[in-house]
């Protein structure tokens, strides 16, 4: 009878043994993958359009990868430099397109504004005609006359006056930066600097992941762009992220969104923040609030042409909090403005705060590498605590 229990052939026994060993290897790899997954800090980057999310990602690459070198992580410095130069070369076209879009948008707006803006030098009209004639030319090759006309128009006081009213139409933030660099960009051997690449605006849509390591800690940053209408469908997919970094264009208080040309951009950001803060899938995930574009906010406030109270009447009654810590040499008007915007967001987070998640505000300038380095270092302890709490280790 005992023989009946051992009726398997040698081949069958060997096959079962091999299967058990394969299962052990798979289980071991799964455990390893699980440990790596749990040890990785996953950051979800959110914010309204043109708030600076993609620029934050670029800064992470400059600071913690190998700059603008494709996938990053090359051990060979020469290969890293080669890849970096290659990517920079491919970005030249994007930068030239930004330059072209900037001058086209400004001169097209001159006749559409109310009241319209006239050229300071009427003899420049033929230059305006040229710029408008090439507006929709596909695969534009940027001949020398383009740069000549663009530079002459940018030096026209009427064009500058129209630029000063750019909150009345849709103009990319980097317009002045690249228009001021026409003589550099037009050179045949032009290679963009890191600052040029940080300023370059390319519309993002979809979800992009950037991986980097800081002091042997792995970070995965997910940049979500162009998803205004689809947000409610995919947001639940990120309910296990370590933290949300919410980016706000603080300078957008006097601008409207591209989608409808009516909704105030800062109000749109407040509405989006509220929807994320109260989202049932994210109720345990804390938010690091990047109050971005502080440089542009300061310029607007000090220029005095667009007053915050004209768009947010409650600002007229706002006083700077006693615990405010201005930057060295910062004008009190700028301090009051930036803390008002901060408190508008904190009002949302404290109104529905249940102790399960918190909001940590920071003032940022995404094109300033040292500012982002300092802010991200300040955030790392917060992120680490969130990570420990996420896996009930704290």
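Counting starts with 1 at the first residue shown.
Cβ atoms are placed via backbone N, Cα and C, with glycine included.
Between the stretches 187-195, 196-204, 205-213, 232-240, Swiss-Prot puts its region 'G2 motif' entry on 196-204. Checked against Swiss-Prot, the range among 364-369, 370-375, 376-381, 382-387 recorded as region 'G5 motif' is 364-369.
Taking Swiss-Prot as the reference, the stretch among 42-55, 98-111 described by the feature region 'G1 motif' is residues 42-55. The stretch that Swiss-Prot tags with region 'G4 motif', taken from the ranges 272-279, 280-287, 288-295, is 288-295. Of the binding-site residues 54, 204, 54 has the largest number of other Cβ atoms within 10 Å of its own Cβ.
Per-residue confidence over the domain 'G-alpha' (39-394) averages out at a pLDDT of 90.
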